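What follows is a short report on a single structure.
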Amino acid sequence: MLAIKTRVKTAKGRKLSSTRWLHRHLNDQYVQKTNKDSYRSRSAYKLIEIDNKFKLLQAGQKIVDLGASPGGWSQVASQKGVKVVAIDIKPVNTISGVKYIQYDINELETLRERFKDQKFDVILSDMAPESCGLKSLDHIRIMLLCEAALNFAKHFLNYGGKFVVKIFQGESDKDFYNELKKMFKIVKYFKPKSSRSESTEMYLVGLGFISNSFPI
């Protein structure tokens, strides 16, 4: 089947860069698949690729989707028959089989009261800051989110559990990788094909959580 491209004209008042972005977005095969497959975001395909590679999700597991809005990753996970808790400071529309909690993940004491002694098999984080257009600053901001996600994992991840977190490549990602190496038996970088080639976005996957006995 021939792909039909959508042409976008530069509207009055619209910057050329915006027109180029819109053209790329409308002709993105994953955006088109998102509409066809009824996923809430194209990032759903990133989790599908990560899961195919690392076999993260298994029926009956309990997982947490951090920064879940708009819900693409939670959709994918719920289709695997896992029990999903989606956490975000933004509201998320109802997804069948997903329990949504509106919290800031930095409010650990509140979350500890909520979850008590509950632990999870997989913790996912596709969190990213709103881009300011300056790569070095965006990198710093996403690494702060990575640290918040890892701190959550220290409290709530089961021994032997799995952890996935989005990073932007930069001067600090290697330090974060080394931090994960102390806590997981296996740590891998992974860039899904559905991640745009020009993006510095990658994922770090930690397999086999060793212990939460270190200071938290």
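Keep in mind that glycine also has a Cβ here, set from the backbone N, Cα and C atoms.
In Swiss-Prot, the S-adenosyl-L-methionine site is described by G71, W73, D104, D126, and among D88, D117, D138 the residue recorded at this site is D88. For the recorded site, W73 (S-adenosyl-L-methionine binding site), the DSSP three-state label reads helix.
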